[in-house]
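Notes follow the structure.
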Amino acid sequence: MAAACRSVKGLVAVITGGASGLGLATAERLVGQGASAVLLDLPNSGGEAQAKKLGNNCVFAPADVTSEKDVQTALALAKGKFGRVDVAVNCAGIAVASKTYNLKKGQTHTLEDFQRVLDVNLMGTFNVIRLVAGEMGQNEPDQGGQRGVIINTASVAAFEGQVGQAAYSASKGGIVGMTLPIARDLAPIGIRVMTIAPGLFGTPLLTSLPEKVCNFLASQVPFPSRLGDPAEYAHLVQAIIENPFLNGEVIRLDGAIRMQP
């Protein structure tokens with residue numbers, strides 16, 4: 001007999017990058033469906049105000065995902081407030097635009113910029129995964145043997161990186177590459193691991209661009225020909241949580257776009 005799908009109601013989710021964009025949309029959806037959420041974001045991110053807007057079932061945990069101590073403190077806050085951690089959604093990330101070598105300017109991509117993007121996007125994601133897995137491993141398994149769900153955020157840039165995206169594509173490609181082995185690592189203790197690879201979404205990073213640029217980017221999406229709504233990302237997060245047979249896979253959420261150079 002197939003296992004019953006698990007409702008998000010009553011679950012506790014830690015969401016990195018939770019103060020804005022995809023992370024905030026995820027928190028809004030999960031809290032709206034009866035879950036509790038911990039917004040893990042930088043101290044100056046405005047996360048405290050966002051958590052207050054979401055009510056008593058949401059708290060803010062100021063943290064840098066690259067810091068072991070910060071993430072441990074955030075997880076302790078989650079456990080102290082809500083008793084456990086059932087779900088982790090990794091949305092924290094940064095980007096830089098820089099060619100490997102710019103002939104006109106005579107400039108090379110700095111190692112510092114490359115390292116910083118990998119530190120936040122790839123190392124930060126892994127840091128949260130390894131620490132939250134330890135917390136989830138202490139949960140009592142549900143009737144299907146599940147103790148937790150971890151959902152990471154990659155990007156279509158992991159597959160079709162554009163000019164100037166060497167660092168960003170490398171970081172997101174790393175997330176794609178580690179999804180299956182980590183899912184296999186954690187399968188014996190009942191923790192699922194999934195990754196979403198979004199295309200062009202209406203997050204602050206894009207919506208802050210001139211309207212003409214946003215419209216052009218939206219026109220590149222085959223169908224629907226628009227930017228993705230962060231609520232659609234959040235909807236997929238919920239679907240992954242609720243479907244116990246989704247594991248070890250990367251799902252593109254991109255309106256069929258294939259990025260050009």
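Keep in mind that glycine also has a Cβ here, set from the backbone N, Cα and C atoms.
Note that the structure is predicted; figures quoted are calculated from it, not measured.
Under the heading N-acetylalanine, Swiss-Prot lists ALA2. Feature annotation from Swiss-Prot assigns NAD(+) binding site to SER20, LEU22, ASP41, ASP64, VAL65, CYS91, TYR168, LYS172, PHE201, THR203. Under the heading N6-succinyllysine, Swiss-Prot lists LYS53, LYS212. What Swiss-Prot lists as N6-acetyllysine is LYS53, LYS69, LYS99, LYS105, LYS212, and the listing cites similarity to another entry. According to Swiss-Prot, the feature substrate binding site maps to SER155, an assignment based on experimental evidence. Marked as active site, proton acceptor by Swiss-Prot: TYR168.
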Exercise. So how many other Cβ atoms are close to TYR168 (NAD(+) binding site), meaning within 10 Å of its Cβ?
Worked result: 24
Exercise. In whole Å, how far is SER155 (substrate binding site) from PHE201 (NAD(+) binding site) when you measure between their Cα atoms?
Worked result: 11
Exercise. Just how spread out is the NAD(+) site if you go by the largest Cα to Cα distance in Å among SER20, LEU22, ASP41, ASP64, VAL65, CYS91, TYR168, LYS172, PHE201, THR203?
Worked result: 24
For this session: State which of the following modified residues has the fewest other Cβ atoms within 10 Å around its Cβ: LYS53, LYS69.
Result: LYS69
Problem set entry | Alpha-carbon distance [the residue listed as 'substrate binding site'; TYR168 (NAD(+) binding site)] in Å | 9
Exercise. When the Cα of LYS69 (N6-acetyllysine) is compared with the Cα of each of the recorded positions SER20, ASP41, LYS53, LYS105, LYS212, which one is closest?
Worked result: ASP41
Exercise. Taking just the CA atoms, what is the gap between LYS105 (N6-acetyllysine) and VAL65 (NAD(+) binding site) in Å?
Worked result: 34
